[in-house]
């Protein structure tokens, strides 16, 4: 079945000649003519053609019987079923990951006596005797040192040097090392593809590249488990990027249930695009943002049907996650925030400054991280991935424990930084000097002078900022699952909160300054430091990933109001412009380039004046193009050609003299057809003539029986003239998803351009090493 | 300048040969070779090529001097400037329209004594003496009858027959007739393109069609004025669709400020896509929904850059509108709603039923409206547009006045239907029998039995529903600006509210029934009729327009919470499926078909097995294709060809015998080039040979001087082979935005396929009349 579909797409006229003829092909037992090899590019037009054929077949059959009609309806519905399943599974996995990370992160510090599988928060919820204030100090939760020494001590301040502190510190590092060792070992042994964030590879796969196993069941299982371990180990990484990979693995898994998706690489990619949306949806609790992320950042071919289905998958995933309720607050979003005061025009200045910071951080991070990853690839360093992970984990744990802002999990940190200081807030960051006259616990608290806690927190945050900036550069790209969203946001949120507190204190102490006079009366609540943290987080995330609309929409879904879109947008735009000034590629594109994947970015504008003739092969001094003639090549010639070259296909011309193109034949099809004919068809020997025409050529009677191969010939190969500007060729490759394109002049075949040639030419034009494009 | 850009795109090799050669072209004074004629299709690839050329020129110049650098920066920023201007102007216009409609709608009933330019609401705001309860009965506001008879009567109940009532009724109709007469006259005299919703035409224009004046200044002005008149006249139409047209006119207006956009039809369409987003953004106060509407519903070519810019324009427009604050409540959205209770799983049944209703309404409306519009086009009816508008207005006003739900403006009606009945609500719809035990004015009011007011309202709503359904069919498509969003939403909201009240009363009176038992205890607030109204509105809007994601997102932005997305989505999906079962086209596509515009819908799947050879011209018995040869046609031959045919261009072949294709030349370029040469170039006479090769052909010395036309030759025409399946051809036309495509076999030219041929073939395959496609 599969074979016939693949082949018939290329030669529909023959199918039209009669159903009998068609049936012949259906019966022929070619195993998998139409599948692609690993690390090769797919041909989108061909996949689309095959799907239309399949659809046509089902439609015409559906009129035959009720059973076929039901089957056709099931087929039409399978897309929605796959989306539902993806939503359910990715939502469930995200919930499980959240719960497990919560528990294991707390396990590094202590254990719940009433039930060891409870996290700190859950443990203290269940103990009834605690009030709100000492929620964190319930008797059921015991730190390791307390448990071991057998008596509950008063918690000691940082750097105290007491025995219990040192013991806790030591055990914290030990747990971290254990988790990360387990993670890196599992990845190395069972699923090497489970490392990294996965987004660069998913982008490449969605653009039409085959990486077998990258979205397999093993990868799914190992990535889920090791993601929990990696995040729990306290390394500076997030689970958001890998969740996209996990969701795509779910998508791929469910594709295999339906032949519509499993046998068509184009259709499969539609499902994967939707799965990516579901991944972001559960990562942030932002379904619309997820769909836009998939549209803007990862997808390549995104028809409207996919938009609608992605939205469905993203919603199902978000609601599944909410019904699991891992955050224990019925909230969908990762960081729920609610601010009580509007922002003022003058605040745009610090917001834009945060945007500049985000852009600079993005540039710095991308350059440093790529340099480090290149070093890892090219030097001895890459040979000891386990040691590297252990070392980085050790350093991270050692430096992180003493500082309360780095000791806790990064998402908790971001959550606290985003928060507005309410009246009941007990955190150090909210240690303001209260006005004695004000006793009502209202939301709208006026600006107050900072207390010693805030100043202390500022110092610790500054140290945390430097630590996070440095350690993230070395963490991203190690052989464990590691996302970049959370560390980037943390850097931005810390910087933003510091700026926010500074502005707030300035406004309080100097409200007679001209810049504050108009909007900040004494006793008013005019500056929300939490909003600055949010703007900073958006700026830094934007600088690293170069997301724009989806970033703003994700942030909008977190706050749930249009009120704060302008500050977010100002920061995101500034950050993108600043970062783009230093280099167009975001972190994902940079990693794609580093790995040499054949990715044709839709955002790159090709503006050079080269023509197709400058890019096509053969070049001026190369040997002529390897072609087949329509009726004068022998089986042996073909076999020699296949052996001597490694091209993916060969053009077929009328004759070597006229060089008039009649079609294109895939290497894989040719190999299989000849192997098959040699085995099953009598009279086919090495000297048999291979012909691609309708009728056999006139040959002397003494010649062996010729072999007709018209059915594997693509009679509609894509051609451009040699005068076509490369910008048009690039556009055609991008929009039609071509694998190769033949170059002609006045109907004569001159050469061929493959996707690799296009990418190499683009690299060359941008003064990059064309040899960095490695795959075809 | 413009000429050279258009031409040089086609022949970049020559440009590469030397800048001197290039300068020759630049100096040649062809007035406007590269513009298109009215009612013609643009060539997207060519427009893109021209823009790249322009960009290259600016980039290379920018290195020459500081001034050029500044100019290039300004050019790079012009896109953002245009977006800002569009946002500001369309936001302002939307605000002005809102204010004017408010005032004029109330003018039909009475006048504000203190300031005649105040609407009813504004008038009663300013009078300090009123309390909340009798807000609507302030002394400053006088009905016409009161004013005329000179004493304030107590308001009379409907159908009373008192003199004042009849007088008010009469004046209401008179005002309505005056407004609609003014509207239709202004449209007829000054801007015939200002009628209708404009969205079908904008979709067509964005897909690459030229309709001169459709987005012109006059259209903008007249549409804005007549929109106010039409909405105020009380006809069953909305301002949302026309606002998209108004925003696109703004976009077009600002395009003319920058040659980057005014001289490139492709770039212009990017701006228009963004403007459409701004239009929806101000219509509903939903910027994200607006961008998705533009992406899903109207746009054709929507690169990521446009996504980001659309978002910017939509936000600016929304904030401009908010700062004008026409609704007087600082809210951004048209219908702000806040519900206090969640929905329950069991409620999905009525929601899905509402979806079915929406789908059926969509189908009924589209069929009936198209039938009526066709009748208008083909019979005498179409000749009396003014009379038609007057008649429909008269009937509408006559029937609408007695019913309080149709008398008021439709958006007020929808607003009331969406509202949850709070404790302070005084409307008839909220006339529930209060529990005497419950005195606290809380939000969370338990379900109560309906009072007489509710039953009365139900009857009036049923009459209003029937009235709206019938009258909207006759209203949409008349020669005045008329949107469809609001009437559709009104139909759905009425139906939804009726269903909602029915479910609520069932749940109250039969809370022991098994279906209510699990979720609706007595005394609980379990059913929100307002939510049903909202779901119904979404379902009906979806049924008519077939919007999906954008519809849900717009509704999401109205409620501001993810809570109610599932009901909305269930209804929208059901409605789309039900409506699609009866016919794939939404109302806009149906009107495009009705008008015969050349619109290649991205959503239509072409699944037939035809080949390029079946579609190309010349057909089997036609005369051969009109071609030019590269070096043997004379000027006279060319002139005869141009006179005898009306093709937009001609292929150029090596010779008539070999028929090997070398390029394609536009009719317009050819006409201008020959006219120009005859005027300015000595020795060019009728018998001069025209040649397209690099070098002049060898001719006897006696022959007149030949004319070189290589620079107008497109050396990279798009070709497909005759065996290419039409599904691929359709795909190529769609994705690359081609105007025509040449068909070859083994390098020989066989025929040509234009966009019109493709559309006619598609119509034929769908058993529609191929002659309905009228434009090229």
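Glycine residues also receive a Cβ, built from the backbone N, Cα and C atoms like all the rest.
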Pick from B:271-295, B:296-320, B:321-345, B:421-445: which range has transmembrane segment per TrEMBL?
-> B:271-295
May I ask you to indicate which of B:141-166, B:505-530, B:531-556, B:557-582 is given in TrEMBL as transmembrane segment?
-> B:531-556
Given B:243-259, B:583-599, B:600-616, which one carries TrEMBL's transmembrane segment label?
-> B:243-259
When TrEMBL is consulted, the range among B:37-57, B:457-477, B:625-645 described as transmembrane segment turns out to be B:457-477
According to TrEMBL, which stretch among B:114-131, B:384-401, B:402-419 corresponds to the feature transmembrane segment?
-> B:384-401
Sequence-remote contacts (6 or more beyond its ends) of the transmembrane segment (B:271-295), Cβ cut-off under 8 Å?
-> 79, 82-83, 86-87, 90-91, 94, 202, 205-206, 215, 239-240, 243-248, 250-252, 254-255, 261, 301-302, 306-307, 309-318, 320-322, 331-334, 485, 547, 549-551, 553-558
Interface check, the transmembrane segment (B:169-191) with the transmembrane segment (B:457-477), three or more C-beta pairs under 8 A = no
Proximity verdict for the transmembrane segment (B:243-259) and the transmembrane segment (B:348-372), three or more C-beta pairs under 8 Å = no
In the domain 'CBS' (B:713-771), how many residues does DSSP assign to helix, to strand and to coil?
-> 24 helix, 19 strand, 16 coil
The DSSP breakdown of the domain 'CBS' (B:616-680) into helix, strand and coil residues is 24 helix, 17 strand, 24 coil
For the transmembrane segment (B:384-401), what are the same-chain contacts with Cβ under 8 Å, counting residues 6+ beyond its ends?
-> 169, 172-173, 176-177, 179-181, 183-185, 188, 233-236, 376, 407, 467, 471, 474-475, 478-480
